[in-house]
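Participant: Got a structure for you, written out below as structure tokens; questions coming shortly.
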Amino acid sequence: MVDLESEVPPLPPRYRFRDLLLGDQGWQHDDRVQVEFYMNENTFKERLKLFFIKNQRSSLRIRLFNFSLKLLSCLLYIIRVLLENPSQGNEWSHIFWVNRSLPLWGLQVSVALISLFETILLGYLSYKGNIWEQILRIPFILEIINAVPFIISIFWPSLRNLFVPVFLNCWLAKHALENMINDLHRAIQRTQSAMFNQVLILISTLLCLIFTCICGIQHLERIGKKLNLFDSLYFCIVTFSTVGFGDVTPETWSSKLFVVAMICVALVVLPIQFEQLAYLWMERQKSGGNYSRHRAQTEKHVVLCVSSLKIDLLMDFLNEFYAHPRLQDYYVVILCPTEMDVQVRRVLQIPMWSQRVIYLQGSALKDQDLLRAKMDDAEACFILSSRCEVDRTSSDHQTILRAWAVKDFAPNCPLYVQILKPENKFHIKFADHVVCEEEFKYAMLALNCICPATSTLITLLVHTSRGQEGQQSPEQWQKMYGRCSGNEVYHIVLEESTFFAEYEGKSFTYASFHAHKKFGVCLIGVRREDNKNILLNPGPRYIMNATDICFYINITKEENSAFKNQDQQRKSNVSRSFYHGPSRLPVHSIIASMGTVAIDLQDTSCRSASGPTLTLPVEGSKEVRRPSIAPVLEVADTSSIQTCDLLSDQSEDENTPDEEISSNLEYAKGYPPYSPYIGSSPTFCHLLQEKVPFCCLRLDKSCQHNYYEDAKAYGFKNKLIIVAAETAGNGLYNFIVPLRAYYRPKKELNPIVLLLDNPPDMHFLDAICWFPMVYYMVGSIDNLDDLLRCGVTFAANMVVVDKESTMSAEEDYMADAKTIVNVQTLFRLFSSLSIITELTHPANMRFMQFRAKDCYSLALSKLEKKERERGSNLAFMFRLPFAAGRVFSISMLDTLLYQSFVKDYMISITRLLLGLDTIPGSGFLCSMKITEDDLWIRTYARLYQKLCSSTGDVPIGIYRTESQKLTTSESREIASQSQISISVEEWEDTKDSREPGHHRGNHRNSTSSDQSDHPLLRRKSMQWARRLSRKGPKHSGKTAEKITQQRLNLYRRSERQELAELVKNRMKHLGLSTVGYDEMNDHQSTLSYILINPSPDTRLELNDVVYLIRPDPLSYLPNSETSRKNSICNATGQDAREETQL
């Protein structure tokens, strides 16, 4: 190392002026040569050009000085006119000679010398080889006219009073002003507004025309009326405004000719200026102009970046964003690269939106456009993907680039990003909030299969509503459904809360139950002050702290609530007798008015022993008493908690046969070893001991490991869940994970069949081969044979995912046409099948399970229109398919991203509910069904207490199914239809027993409804006609009507039977068994809806499905089986000893 350093020659001395003076010539012996660059810029001309032209700041100063000189020359001209005494006579000499004082002449000569020198210098510096181009320029000619006579008068004194049209310097001042504005914007590094420049040019042109006309008329009338400047101004204004009073007119032919010339110039110049101004105005309307810097610094605004703005997307964003009271003063700046369409323009012209929404046409990838939107001063930036693109991956790439551009330009601006594909999510991990569409979509569709209508539940929770929808409806279910839809998730610190402050130091389940009992609010989760993770229902062992942040479901947040004690309410309403006795009002009557809610608090004092208890009346002579409900303990007691050891599965295997136990042993619990994309949260799942070969994943193809070729041959114990999708995208992985989560009992796992239009790739098969009972099949829902092979006849749920290739159409709402028609075909062929459909546009929900002559559907359509007229954001909520959770649109979850601007926890809570994220100690969403054995609980409040005291579950809502209330005519029609169907079926059964081989004809693929193919039905209809005709002429009108209705019903039943016959023939043709195909099981006469956080006095009904947030089973596990059995026995004994009054 030392040798190398000694070989390196020393550096030569620096080239300093001091070295030259001292005579240090050592550097001259160095062989290196000093090279100087840009020597062409060191010439005298280049230096002058740099100072006068190239340098923005010095050039701006020069032009400002030139502008001031021109204004000074015009001012000197006015002073000369005012000081001059009008001479008598009409001689032409007054036109060419004026009276000019010596000081005034000296000033004008000085200004002329400086102006001429500057003009010649700038002409020399801008000379490019053509001297005539410089000389014939109009500014140069005007400069010569105004300056040369004054310079000549220096050497020729007799010319000092020669008239010089100095007022023409106003045009030179206009030219200098334009150049000065350009240099000003260059100097401060800002892009000037073309509209501002054009308006400035127009105003300056108009002023120059008027000033020139005033000075010209005044001077030419020196030999006429001797007009002063004010009279000339008056004449010009009257003339240019086309009023023309005629009281002041020019007299000399020269002044008249000058007026004609000025009018001609005005008619040529001003229209051109106005045309350019109008063009720029129209272009500005298209591009949107700029968002004011002053407004950005004094007002708050958010920026919405989209690829293309549709009216539905805009209205969803605006309605949800401005639904929050504290966002009313915010501005919304829309940055979109496309031109605003007609519908969006019409909406933004409404005064409610025109004052708060600003549309800018531009790209988020350009700093100039981000500067126009004042992105660095924005409170937030929402970046939305275009889901209607044919290539959704390309749409994600555009979103990623927009997010990167905004982060680079404004690092401190919070980002709210919507992404489509889960594999692209890790590129935008820096964003504050991210919603991945396919993640949420598939997880929500999966939970719909085990917790009915989860999609509707989540949609209602993330929409802002006051709960006033449906309150004008005569239907009771619509009133309850609409009122409960106003429940949302809110948060508050425990010590600052009236709802929860008294539960400090008590268990979570105790606080949740008593807060619901007393205030009607549902506490669902907490977060420690020093922890970022939200815990949903952490269980009875969690002790509430004063600094905990509580998350609860209620109509409105606590800050907008007023409280009244029940005693005060009773004293003020003594005359209302229905407040007393068993028929009193619910304990939490909620009155929503102007954003403030008054909650009647329940009287918590002890009641007499004669009050209602959980003990049921004695039945017969048996002295049997139903078990009562144990109280919810303030601090968790291990012996009172019925835990379930899901890791050992002993509770599941105690009563199962030996062969089922052996099959269950093949499963293990663990984390999937392979994830199809980066960024997915690891979930503890049911897995196989060894991964299945790829050939065994194919449902309809036999291989060397099994010989099954259809779903029926596998002999599954549980019903199937079929997913019909176009491709096996990585998001489909999120459909499987919630259905195979560790907290799902093994014996309740449903087989999953993926019906794909295109074969899946290898990396997707590698991700799903570890999950039990997951298969795929290449086929389409358009093909009946594919549906039958994949087991649609004994499937529990059929999930139809919207195809990416059909999401874009020439007419926007036609993108769902193919999906809707295919689902309608499934609905007609398999009426008992539960079909869950995803649509692109929520407005197309009205076509799901469409029945044109259904009076009830028509009534719901009218109700939807009325709710939309009232300004509801959830007008579609009363559609039966949406209320029942059978249809879903991912665009309804856009509000989740918008709400996270106010509620930054909503995305985390939704991911926990859907099972996308798993946090140790956090609960999960599940459901339980109310059976006849559970009806003794009677009310929702008692169920709440039963769950909190036994298992620690927290209920959050009810999914209720009831029959439709039909009119008298409809009920008679259905009754007659049922009678006909029963009679026909009985006659068919006897006929089939006599002629067993009569209907064994080939049916092929025909779907004809001609009754000639069914002589049995034709003969039976004729027999009915003869039988009805023999009843005599009594009530002939009613009889004819009844005959017509019965024939119509018989035709309907025959059409249903034809469809069933078609399905059975295809099953026989494919070699499939028809056992289990129930073609007559129809659920069209029922309706289902959701009650989120119902009142405590809500009555439980048979077959109600209760949504539960169950605590994490891994958070507390019993030490041994003995302790678990003892705890169950102790809880049962405690239930038998105690009675709890509500």
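Glycine is treated like the rest: Cβ placed from N, Cα and C.
For 64-83, 103-127, 139-159, 199-217, 258-281, the entry in TrEMBL reads transmembrane segment. Per TrEMBL, the feature domain 'RCK N-terminal' maps to 299-435, 718-858. Residues annotated as region 'Disordered' in TrEMBL: 985-1017, 1024-1043, 1120-1142. Taken from TrEMBL, the feature compositional bias 'Basic residues' applies to 1024-1037. According to TrEMBL, the feature compositional bias 'Polar residues' maps to 1120-1133.
In the displayed structure, how are the listed features positioned relative to their neighbours?
Facilitator: Remote same-chain partners of the transmembrane segment (64-83), defined as residues 6 or more beyond its termini with a Cβ less than 8 Å from a stretch Cβ, comprise 98, 100-101, 104, 107-108, 111-112, 114-115, 118, 146, 166-167, 169-170, 172-173, 176-177, 180, 211, 215, 218, 229.
Sequence-distant contacts of the transmembrane segment (139-159), counting only residues of its own chain at least 6 positions beyond either end whose CB sits under 8 Å from a CB of the stretch, comprise 73, 105, 108-109, 112-113, 115-116, 119, 123, 165-166, 168-169, 171-172, 175.
Regional average pLDDT for the domain 'RCK N-terminal' (299-435) in the model is 90.
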Participant: Quickly jot the same-chain residues contacting the transmembrane segment (103-127) by Cβ under 8 Å, restricted to those at least six beyond its ends, or write none.
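Facilitator: Sequence-distant neighbours of the transmembrane segment (103-127): 45, 48-49, 52-53, 62, 66, 69-70, 72-73, 76, 79-80, 83, 134, 139-140, 143-144, 146-148, 150-151, 153-154, 160, 164, 166.
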